[in-house]
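Down below is the structure, laid out as structure tokens.
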Amino acid sequence: MRPLFRLLAKLVVFRCISVYLVSSWFLTISSTAPVISLGEWRHSLRSFFHPAIIALILKLLNLLSLDSQILVYHVPRLAHALLFALADLSFYKICLRLCKTQGIADNSFLAYLSSWFVFYCSPRTLSNSLETSLTLIALNWFPFEGKSYKGSTWPYIALGVLTIVIRPTVSLLWLVFGLHHLCYSPNPIRLVLRTVLPVSLPILIGTSVIDSWAYGKPTIPLWNFLQFNVVQGGSALFGVHPWYWYIVSGIPAVLTVQTIPIIVGLLGPNIFRPSLLPFFATTFYIAVHSLLPHKEQRFLLPIIPLMCIYAGGAFQNLKKWRGSALAAMVAVNIGVTIFTSRYHQVGPFTAPRRIMEEWRGPHGKLSVAALMPCYSLPGHAFWHDQLDTLRLLDCSPDLEQLRLPTELDEADQFHANTTKWLTEKFSLEHQNYQRVLMYEKIYESSRRWFETNGWYQCIEKIWHSLALTSSREDNYMIVLCRNGY
């Protein structure tokens, strides 16, 4: 046990470093800043379980009078990172169980631990991060050995159900693992009646009660989510990608160089290959997700560890080149990690920090208008008590079909004709704000309107990113002040 404790201590330090190092924008709609105006919250598509955990952490900070801007932002991130450290240890133990030798297990663990995308996501308060860490911890109790497994199985069932409540799509993984468990159980009916149902039902009922109380009406978000995204195809409202996107873009982007040893490990000698059960679960997960219209890289986070299991055998087969290959994999991922965490899409965090530094003093609370693409800025949890109003362009999906089929949402209207939108809409409210934040090229295209209405650049332009992910972004952000104030 002592070596595992030492390993856990190292993993805790490793994940704490990620809390400090990762300071770039990825997806700012998270549990520390849930946007209630979003359709998925208005229509009860999400469980409040994850936000409730964050709320308890923030309430504790408040009771201890420790709710400063820095702690309110970083403590929830630290909590997610620490949970990921436990998940890392769990994954290492899984590798030891599944891989043929400890050398293969160590190689597989290093392939996972060096993943730039896991490091990039682990401290973020996304539901994907929580579902991934809980899934890895749950698999510690999964009977990979079949009938020869002698341990308890109820913990993996309990945590598995909890992950499904948090993000219903992870049920695709648990469906494969669950069927395997039933098939290799000496008494499947007894397993269902005496373990699965007694463990699952209290969790499902309890979370449904919490969600019904939070939404103010009887509801089951798990059912609503499946109905909306799978049956009605509503995920298309959040963006559409071709069915092959995960194969040609998503997976290569999140795995980078790990893709090669994973493929080699799967196709290589059977003597080095672990159980194919994680591969079957991963394949089913990707196949079903490929059929859904909306796709994102973060949806792949739970399957990265399951795929990295197969990288170990490929490295073990290299013999004298093993060390060089492992070092090259780690070096590439370190480079990608540093770039994506510190230099890529950093403007949404750098700009608010700069605004707050410049505003601090006897000015009172700040009102900011962020005329930028959707979800481009952190919410009130980041600004904390220095913010009065944060005005964002609305791009909520029209779930209630209030807009005409050809009518654009507010963000699309702004980017389609910025000056027209400023003249017709923003001219009625711009005096309510002390700062306006926008991308440089959008500002330059509408500079005359702003100067005519008393808005001028008052802070040096702020670096955002070298590689832009949208035509609506720019390399720099501009902060505007009204009449020099």
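Just so you know, glycine gets a Cβ as well, placed from its N, Cα and C.
Positions annotated as transmembrane segment by TrEMBL: 12-36 (among others).
Taken from TrEMBL, the feature transmembrane segment applies to 48-66 (among others). Distant neighbours of the transmembrane segment (48-66): 31-32, 34, 72, 75-76, 79, 125, 127, 130, 162, 165-166, 207, 210-211, 214-215, 381; these residues of the same chain sit at least 6 beyond its ends, with a Cβ under 8 Å from one of its Cβ atoms.
Taken from TrEMBL, the feature transmembrane segment covers 108-126 (among others).
What TrEMBL lists as transmembrane segment is 156-179 (among others).
Residues annotated as transmembrane segment in TrEMBL: 191-215 (among others).
Annotated transmembrane segment per TrEMBL: 243-264 (among others), in sequence order. Here the transmembrane segment (243-264) has Cβ contacts under 8 Å with residues 111, 114-117, 286, 289-291, 295-297, 299-301, 304, 307-308, 310-315, 317, 325, 328-329, 332-333, 336 of the same chain, all six or more residues outside its ends.
Among the features that TrEMBL reports, transmembrane segment is placed at 276-293 (among others). Sequence-distant neighbours of the transmembrane segment (276-293) (same chain, 6+ residues past either end, Cβ-Cβ under 8 Å): 98, 144, 169, 172-173, 175-177, 180, 229-230, 233, 235-236, 239-241, 243-247, 251, 266, 299-300, 302-303, 306-307, 309-310.
Among residues of the same chain six or more beyond the transmembrane segment (299-318), those with a C-beta under 8 A of the stretch's C-beta atoms are 91, 94-95, 98-101, 103-109, 111-112, 115, 117-118, 121, 128-129, 131-132, 135-136, 169-170, 173, 246, 250-251, 254-255, 258, 260-262, 264-266, 268-269, 272-274, 278-279, 281-282, 285-286, 289, 325-326. The transmembrane segment annotation in TrEMBL covers 299-318 (among others).
The transmembrane segment annotation in TrEMBL covers 325-344 (among others). Outside the transmembrane segment (325-344) by six or more residues, the chain places 18, 21-24, 107, 110-111, 114-116, 119-120, 256-258, 261, 315, 318, 465-467 with a CB less than 8 A from a CB of the stretch.
Remote same-chain partners of the transmembrane segment (156-179), defined as residues 6 or more beyond its termini with a Cβ less than 8 Å from a stretch Cβ, comprise 47, 49-50, 127-128, 130-131, 134-135, 137-142, 195-196, 199-200, 203-204, 207, 221-222, 225-226, 277, 280-282, 284-285, 288-289, 299, 302-303, 306.
Nonlocal intrachain contacts for the transmembrane segment (191-215), taken as residues 6+ away from its ends with a CB within less than 8 angstroms of a stretch CB, comprise 44, 47-49, 52, 153-154, 157-158, 161-162, 165, 181-182, 185, 221-222.
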